[in-house]
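For reference, the structure is listed below as structure tokens.
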Amino acid sequence: MTIKTRFAPSPTGFLHVGGARTALYSWLYARANQGEFVLRIEDTDIERSTPEACAAILEGMEWLNLNWDEGPYYQTKRFDRYNEIIAQMLEQGTAYKCYCSRERIETMREEQAANGEQQKYDGCCRDKAPRDTDEPFVVRFKNPTEGSVVFDDHVRGRIEFANSTLDDLIIARTEGTPTYNFCVVVDDWDMGITCVVRGEDHINNTPRQINILKALGAPVPEYAHVAMILGDDGAKLSKRHGAVGVMQYRDDGFLPEALLNYLVRLGWSHGDQEVFSIEEMKQFFSLDDINKAASAFNTDKLIWLNQHYIKEMDPEYVASHLEWHMADQNIDTSNGPKLSEVVSALSERAKTLKELAASSRYFFEDFAEFEETAAKKHLRGVALEPLTLIQSKLAALNEWTLEAIHQAIEDTASELDVGMGKVGMPLRVAVTGAGMSPAVDLTLFLVGKARCEQRISKAIEFVANRVNS
């Protein structure tokens with residue numbers, strides 16, 4: 001049997017981290033078993049579903065590289081199929097028309113609550129013949145009243161619900177539109193879904209959906225209900241904890257691999273291993289190893305992973321993601337070094353691509369002023385001689401290579417009989433405008449000869465004016 005899973009978000013908002021983790025687990029289970037992964041947009045809530053939210057979900061999935069084999073399917077384009085099945089169920093007697101008014105239902109629930117009873121439909125119309133009338137009605141599924149629904153959940157083990165506790169679910173509203181719980185069942189059947197991976201908030205829907213599947217003579221898939229994600233304070237995850245849309249993580253400078261690695265470990269583990277490539281995830285992932293307990297979101301851990309991936313991944317690949325941030329910060333990269341070279345130079349310290357982009361600006365454009373603290377410390381009168389000498393040595397270089405630049409700095413320090421820092425630090429501030437950068441020789445090499453000469457001249461003038469003032 002071919003394993004077939006699905007991710008079925010509702011387009012009422014962005015793709016948040018909880019949804020992304022569910023999608024990842026579902027995707028990994030399919031990929032680990034040479035199966036298929038389906039993307040389905042559950043947009044039956046027409047009032048709350050928006051094209052913008054749908055586009056954001058697709059963009060998030062694509063950015064995470066969670067590719068799908070089928071879809072995206074849209075429930076709103078399948079209403080004819082749902083209505084066909086509803087008509088079939090009415091004819092077979094597994095569903096019925098309910099003419100109870102909203103007022104009657106509300107009164108019934110109030111009485112049940114007052115008596116301490118479970119609030120559920122009392123079956124008033126369950127065994128009545130359909131009326132030849134224009135009265136409004138809903139269609140309800142005729143849920144079994146005896147026995148129980150039992151299923152073995154990959155995460156939670158054996159789960160059982162007594163049928164006597166289950167309502168006769170509404171499967172079509174008064175205006176004729178099918179309901180979420182019904183559409184899900186028909187979709188999973190038609191699409192051949194063999195395993196449903198979703199959040200634990202859907203556990204109570206599962207017995208109802210299983211009963212509908214059995215009434216249709218359809219196979220029942222396996223289930224895996226994953227725990228919710230909490231904030232690091234144990235409260236439900238919210239925006240203040242980092243419960244933002246997936247694309248916000250892109251905007252904040254995270255690599256998709258870092259976010260995926262973080263999400264896969266947020267409830268699943270393989271020994272003590274922390275860092276997983278996508279291939280390792282596929283190799284080791286198992287639904288049965290997902291933790292039952294809720295997991296706490298820790299932004300610091302995500303940042304640590306992101307820093308690791310920026311440092312360890314191919315600079316060309318990191319540069320392909322950095323391009324977006326350079327454009328977002330209005331840094332024109334057409335006049336400067338290759339972006340991959342900048343990544344190699346700056347990746348050791350960068351925590352995010354956003355940070356890396358901001359710290360790379362001096363490679364591509366001139367700065368207006370020297371950083372005050374760095375200038376006060378390193379662009380003093382004693383810097384005038386080393387800056388003047390290194391400028392002449394750099395100007396005399398026939399080849400602008402790392403080795404030649406390094407030798408020029410060494411020769412300057414030797415001739416002046418000073419330590420390398422007495423040359424390197426003023427030179428760094430002169431060329432970058434700040435006191436922090438990669439190795440000075442590498443920095444100069446990437447900035448380029450013409451820019452270096454121009455900036456050193458500017459620094460010499462700055463020091464001279466400071467001395468004379």
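Note that Cβ sites are derived from N, Cα and C of the backbone, with glycine treated the same way.
What Swiss-Prot annotates here:
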{"type": "MOTIF", "residues": "9-19", "note": "motif ''HIGH' region'"}
{"type": "BINDING", "residues": "Cys98, Cys100, Cys125, Asp127", "note": "Zn(2+) binding site"}
{"type": "MOTIF", "residues": "236-240", "note": "motif ''KMSKS' region'"}
{"type": "BINDING", "residues": "Lys239", "note": "ATP binding site"}
Practice problem: Could you tell me which of these binding-site residues, Cys98, Cys100, Cys125, has the fewest other Cβ atoms within 10 Å of its Cβ? | Solution: Cys100
Quiz item: Same-chain Cβ contacts of the motif ''HIGH' region' (9-19) under 8 Å, 6 or more residues past its ends?
Solution: 41-43, 45, 48-51, 53-54, 56-57, 60-61, 199, 228-229, 237, 242-248, 263, 297
Practice problem: Summarise the motif ''HIGH' region' (9-19) by DSSP state, stating how many residues are helix, strand and coil. | Solution: 3 helix, 1 strand, 7 coil
Quiz item: Given the recorded Zn(2+) site (Cys98, Cys100, Cys125, Asp127), which additional residues of the same chain have their Cβ within 8 Å of the Cβ centre, ordered by sequence?
Solution: Tyr96, Lys97, Tyr99, Tyr121, Gly123, Cys124, Arg126, Lys128, Arg140
Exercise. Would you identify the secondary structure of Cys98 (Zn(2+) binding site) according to DSSP, in three states?
Key: strand
Exercise. Report the same-chain neighbours of Asp127 (Zn(2+) binding site): residues 6+ apart in sequence with Cβ closer than 8 Å to its Cβ, ordered by sequence.
Key: Tyr96
Exercise. Can you check how the pLDDT averages out over the motif ''KMSKS' region' (236-240)?
Key: 69
